[in-house]
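Notes follow once the structure below has been shown.
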Amino acid sequence: MRYLTAGESHGEALIAIIEGLPSNLFIDAEFINKELERRQKGYGRGGRMAIEKDEIHIISGVRDGKTTGAPLAMEIKNRDYKNWKDKKVPPVTRPRPGHADLPGSIKYNQRDIRNILERASARETAARVAVGSVAKLLLKELNISLKSRVLEIGGAKREEKWKRLIEKAKKEGDTLGGIIEIVIEGVPVGLGSHAQWDRKLDALLAYHVMSVQGIKGVEFGLGFEAARLPGSLVHDDIYYKENEGFYRKTNNAGGIEGGMSNGNPIVIRAAMKPIPTLLRPLDSVDIATKEETKAIYERSDVTAVEAAACVLEAVCAWVIADECLKKFGGDSVEELKRNYDTYLAYVRSF
C-alpha cells in the first residue's frame, strides 16, 4: 500500500489518498471521526481546537460502506479556512528556531515563510490519523490492536504534575515536550525481514515515527537502557510449551528481533520536542532585512504530546497493516484472512 496527503494548515481542506487497500473492508466513518476527535484533545492545546471539528468525507473507493479495491480518497474540511480565505495576510519574514521556516524558505526560494509553514504545520497529521484509522480497521480483521500512553510531559512522569507544568509554561510563554509509548498487540511472528536493511520492521516503524512533526527520538523495548546492561540481562530467554509453541517470559527486545516481529507485543517509545512556536519568541533574523529580531508567533499549543500519541498510533498502524499485506497478500479482505489463518496454523505447528 501507499498513501499521500495534501493540503495546508489554513487551506480549504486536507486530502488523503490510499492505494492498495483490499476490497470489502468496512470503512467505519464513525470510528475514523472518533480517532480524529482524539487527536484534537489533550490539556495544553491551542485555540485552533475550538474552531475545528474534524470529520471525514469519503470521496472515492467505497461503495455500500466497503472498499472496492480502487484508491480510497478522503477529505477533512478546515473550518478555519473561512476566517482566512478573504483576508489580506502580510508576508512572514521572521523564521522560528526549530521549525521548517528557514531551511524550507531557502530550499524552495520563498520570501514569504507562510508558503512553508502552512504545509509543515502539524495540522497535516489530521490526514495521517484518518489514514491510520483505515489501517486500524484492516488490522482489526486480523485481531491486531494498538494502544498508547503518555509517559512524560516536561520531564515529569506523574500525571498530576502535568497540568501544573503546562499552566506554568503557558504563563511564561513557553512550550513543553514529552515521551510517548505505543504498544502493538497480536502481531504474529515474521513481519519484516533480516534479508535487507530496508525491510527491517523496526527500521520501518522508526522511519514512520520520526516522520511525525516534533518527534526527535525513538526506541524499542529496553532501547537505550540496553546499552548500559550486560547481554545476559538484555536478551529474552526462549521457552517452548506443547500446543502453545515458543514463548518468552520477558520482552526486552520490544517484540522485534533481527528486524522481524517475534510474536511478543511491539513496544515503541518516542520523544517529542517542545513546540517551536513560543508566545515569548526566541531570537531570529528577518529574512527580508537581515536585521536581528524576534521570531514570529503563530497561534499554537503549549504542548501536543497527548495528541501526538494518537498520531503515532496511526503511523504505526499503517506500517503493520502494510507489512501484513506484503506478507499474506490478498486482493480482498476475505482472501487476506484465509491466508493469515493458514500462516497462524503453520506457526503453531512449527
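Each position is counted from 1, following the chain as shown.
Backbone N, Cα and C define each Cβ position, glycine as well.
Cross-referencing ARG228, ARG248, ARG299 with the FMN binding residues that Swiss-Prot gives (ARG119, ALA120, SER121, GLN213, GLY214, GLY258, LYS273, PRO274, ILE275, PRO276, THR277) picks out ARG299.
Between the CA atoms of ILE275 (FMN binding site) and ARG39 (NADP(+) binding site) there is a gap of 16 Å. Residues ARG119, ALA120, SER121, GLN213, GLY214, GLY258, LYS273, PRO274, ILE275, PRO276, THR277, ARG299, recorded as contacting FMN, have a largest CA-CA distance of 44 Å. Counting only residues at least six positions away in the same chain, the Cβ atoms of GLY98, GLY177, GLY214, ILE215, LYS216 sit under 8 Å from the Cβ of LYS273 (FMN binding site). Within its own chain, SER121 (FMN binding site) has GLU8, SER9, GLN213 as residues 6 or more apart in sequence whose C-beta sits under 8 angstroms from its own. In three-state terms derived from DSSP, ARG119 (FMN binding site) belongs to a helical segment.
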